[in-house]
Amino acid sequence: MTAIIALSLFGISNLFLGFWFPRKTIQNITLLFLVLSMALTVSDWNHELLWFGNMFRTTNTSINFSLIIQLAAFFVVAFSKAFGEDDEHSHPAEYYAIMLFSVVGAILMVSFDHMIVLFVGLEILSVAMYVLTGSDKRNLRSNEAAIKYFLMGSFTTGILLFGITLVYGATRSFYISNIGTILTSTAPESMPTFLFIGVLLIIVGLLFKVSAAPFHFWTPDVYEGAPTIFTMFMSTIVKTASFAALFHLVSGIFGSLYTIWVLPVYFISMLTLVVGNISAVYQQSVKRMLAFSSISHAGYLLLTVSSKQLSTTSSILYYSLSYTLATVAAFAVLILVSEYQSARVEKPENFSSFQGLAKNNPGLALCFSISLLSLAGIPLTAGFWGKFFIFSDTFSRNIIYPVILAILMSAVGIYYYFKGIIAVYFKSGEIEKIEVPTLYKVALWACTIGTIILGIYPNLVKSVF
Amino acid sequence: MSLLFILFFPLVIGAILLIAKPKQAFAISLAASIIELLATIFVLKDAASAENGLVFTKPWIEEAGISFSLWVDGVNGILIGLCALLVPFIVASTANTDKAQNSQYQGLMLAMQTALMGAFLAKDAFLFYFFFEASLLPIYFLAAIYGGENKNAITFKFFVYTLFGSLFLLIGLIYVYLVTPGTHSSDMETLYQTAIMLPEHIQGNLFLAFFIAFAIKMPIFPFHTWQPDTYTVSPSQATMLLSGIMLKMGTYGLIRLVLPMFPLGIITWGNTAVILSVIGIIYGSIIAIQQKDAKRLLAYSSFAHVGLMSAGILSESVEGIQGALYQMLSHGINIVGLFFIIEIIERRTKSREIAQLGGITQFSYLLTVAFIILSLGSVALPLTNGFIGEFLLLKSVFDYNMIIGIVAGITIILGAVYTLRLIQKTMFGNFSRITKDFEDLSVAEKWVLIPLCALVLIGGVYPSWILNFTEPGVQTLVSLLK
């Protein structure tokens, strides 16, 4: 809890630090801030408490989600190197501050106990993201992406808010626990119809944010247009936070309305798997491929939302962690390679610009391959166990066909992830040694080694979750 | 502990080779594989004298009931022995080539050995699956980095195809695992007891899921389309690993998982599976006869042989399983030797086209002798190791169904046709433009071929010590089926 206060203060102080310090110093200070806030988050461990007029609840699950979010933010900050150098118009301090603010929003979204907190958290996160998406001011694509994201996002917020209103109208409460009690104690026949509409609207609003099909159309364009470092931010932090909120609502308080949402949610989950994976096959750009891959991962995660089992939370946490580590590493290598190629080829983010990376940059090639293997779910990497836990968890609830579809789709996934590995190792190309800053290198290897360690000994974190 | 050693020792050395890239890669790798062989012999001796084999268990993912457990008994002892026995030869076969001092190449081979050992040693079904899939990575990189023409597309097909197959295995395993009582367990013995109680139609579906996974790995007709291309395009050592050892993961899976778990499933689908296997035998042999490329010919012959093993296993008799185990061992030895001979010829003549070769016997008598011995082992002539296994297998298939047995028996004739044709066209006759400067075998090549030939003969003359080793395990297995 103290973590969100601290992060807000850190964000504000970051804005002032920008007066005196160069980008690099601010980056290091921000990393320090994040470590501190993680420590503060951990200090709430095993203290289930309500804050802010019972609107905010810290549980071990929410702490775990917050930690994953802050870890992702830590890596994003560590990988931020491009902005603010040789550019009088950029304002690194503000970007770091905005990132910290959006982490506050994300934490609110994983620990809300009141609908308004959910809404406020989502808005803090989203508004920050609109700004960051458009931060590459002189790039037309970035501007387009920001406008698109903003329009779609505000529309979504409207839907979510409308849903919250309807649910409030039916239950006369914003408190999650109150709504839950009212929903379970009322017979479905005596509930007003607009309650069901409200529930579905809330679900749809959050599905927009996790970019589930058919609400995914903004994702590839926005991911591609945004500066890669913020794409990394979006695809990890926004996803994790929105999914945690969705899971909290759907499996928690809406659990008693199972029959209302279960079919739509499974339909959407399967559609997401198919759309995400099949579209990813046709992408030439690594960044777009990763955008579609993030859609497909939302599909895998959605398989779990109908669960009431305690063990599901740990599967979701494990999956989020493995996905975050792998995605962050893949984007980090993409940043380096596309930066190197931007002066040399027309489309620096395509698979073709990765060709021959392994020759002079074996370390980068290895990190990139391991992250792709993990996303594909190959053994020895964390992604394998992530998928394994999700599949076996869903299977255990007798949901057979969606899982079989998911397994087939993960075979399709191998196809497009391996395009990257093949380009890196087996295609010839001329890439000289790419200079990597020390901090960047350390963070990249941390992700990679983390992925492998979690792949070999999943119990390391599984026992905590 | 000794089990852990034989599992991880190759990986440790392989990792050293991959990361530190020492100068003496060949020496290190060869020494490691020989130490591994000696250690494995000790382990197998222990296992033979121990009452119920050796077991090692450590919790892995505790709350899910998944443990890191390994075991050795009569059934997998053969395969562990095979894996440890063949890798030194495979490593030695790189001697004096540019791959000998290539630490990446040697490291990947050793990493592959760990993955294979892990799949054979695993007592926990998910651990088995873990290694079953993980073994794809080193072999994929071996084949895709060092392969021949059009390697990217072919190795990629291989990877996706086999991985796709093993996903079915994963579905099936998770299904059975979730039926296990209590907090679930994925220990194989628990899975046996659980799966056997399942109703018939579920066992039938599970049998199909498992069978497809293993059929793609072996491969069985009609899931074989990845195999000839991959065997042909891979560098020789990768082909040896694939055909000598990795293929046996499929047959081993049938014995270890399918037989004891789904007896009712076998009643429903076993016949179909046996017929597919036998179609593969005939189909593979006929295509092998028409091949122009020697390596491709051997690939198809391997495809034909594995069909017979699969048919024998699914006949569910002691002879069938014993024969399959024995044949896995002999097939591994023979096919590694044969692929090595083709590589020797290719090194000197830069060609594998059967039509372009000929008359090699005039330049290298020893190579011809070795080729003949290994080929005769492969066509199952009496006094060679192939005879014992193939005889037992044919007998079991014959007992299972006379007509299928007769059709499967044709394999001996067809096998003789393509193998003898291969020898005749390459070794005898007049020498050609490219074979006229054929050099005799080097010392290193002799060191590989002579022991392999000796093993062919020893295995043919004195099979009982191996059959005695496997028998208790097989008896227990078959008694489970009754």
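Just so it is clear, glycine is given a Cβ too, placed from its N, Cα and C backbone atoms.
Sequence-distant contacts of the transmembrane segment (B:24-44), counting only residues of its own chain at least 6 positions beyond either end whose CB sits under 8 Å from a CB of the stretch, comprise 2-3, 5-6, 9-10, 13, 16-17, 54, 72, 77, 80-81, 83-85, 87-88, 91-92, 94-95, 100-103, 105-107, 109-110, 113, 469. Feature annotation from TrEMBL assigns transmembrane segment to B:24-44 (among others).
According to TrEMBL, the feature transmembrane segment maps to B:65-91 (among others).
Residues or ranges marked as domain 'NADH:quinone oxidoreductase/Mrp antiporter transmembrane' in TrEMBL: B:122-412.
Long-range contacts of the transmembrane segment (B:126-146) within the same chain, counting only residues at least 6 positions beyond its ends with a Cβ under 8 Å from a Cβ of the stretch, are 60, 66-70, 99, 104-105, 108-109, 111-112, 115-119, 152, 155-156, 158-159, 162-163, 166, 169-170, 173, 177, 186, 188, 217, 230, 233-235, 237-238, 241-242, 246, 249, 253, 256-257. Among the features that TrEMBL reports, transmembrane segment is placed at B:126-146 (among others).
The annotation transmembrane segment is assigned in TrEMBL to B:158-178 (among others).
What TrEMBL records for B:206-226 (among others) is transmembrane segment. Residues 132, 154, 157-158, 161-162, 164-169, 171-172, 175-176, 195, 198, 246-247, 249-251, 253-254, 257-258, 261-262, 265-266, 268-270, 273, 276-277, 279-280, 283-284, 303, 306-307, 309-310 of the same chain sit 6 or more residues outside the transmembrane segment (B:206-226) yet have a Cβ under 8 Å from a Cβ within it.
Per TrEMBL, transmembrane segment is recorded for B:238-255 (among others).
Note on the transmembrane segment (B:261-285): residues 176, 191-192, 195-196, 198-201, 203-208, 210-211, 215, 219-222, 224, 300-301, 303-308, 310-311, 314-316, 397, 400-401, 404, 407-408, 410-411, 414-415, 417-418, 481 of its chain, located 6 or more positions outside it, place their CB under 8 angstroms from a CB of the stretch. Annotation source TrEMBL lists transmembrane segment at B:261-285 (among others).
Look at TrEMBL and you will find B:324-342 (among others) tagged as transmembrane segment.
Positions annotated as transmembrane segment by TrEMBL: B:363-383 (among others). Sequence-distant contacts of the transmembrane segment (B:363-383) (same chain, at least 6 residues past either end, Cβ-Cβ under 8 Å): 301, 305, 330-331, 333-335, 337-338, 341, 344, 389-391, 412, 415-416, 419-420, 422-423, 426-427, 431, 435, 438-441, 446, 449-450, 452-453, 456-457, 459-461.
Residues or ranges marked as transmembrane segment in TrEMBL: B:403-423 (among others). Long-range contacts of the transmembrane segment (B:403-423) within the same chain: residues 274-275, 278, 281-282, 285-286, 288-289, 291, 294, 297, 300-301, 304, 308, 311, 354, 368, 371-372, 375, 378-380, 390, 394, 397, each at least 6 residues beyond the stretch ends and with a Cβ under 8 Å from a Cβ of the stretch.
Among the features that TrEMBL reports, transmembrane segment is placed at B:444-465 (among others). Outside the transmembrane segment (B:444-465), and at least 6 residues removed from its termini, the chain residues within Cβ reach (under 8 Å) are 89, 92-93, 95-96, 326, 329-330, 333-334, 336-337, 340-341, 344, 366-367, 369-370, 373-374, 376-377, 382-388.
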Which sequence positions outside the transmembrane segment (B:238-255), separated from its termini by at least 6 residues, show Cβ-Cβ distances below 8 Å to it?
75-76, 79, 82-83, 86-87, 90, 93, 109, 112, 116, 119-120, 128, 132, 135, 139, 142-143, 146-147, 169, 210-211, 213-219, 230-232, 295, 298-299, 302, 306, 309-310, 313-314, 321, 324-325, 328, 331-333, 335-336, 339-340, 477
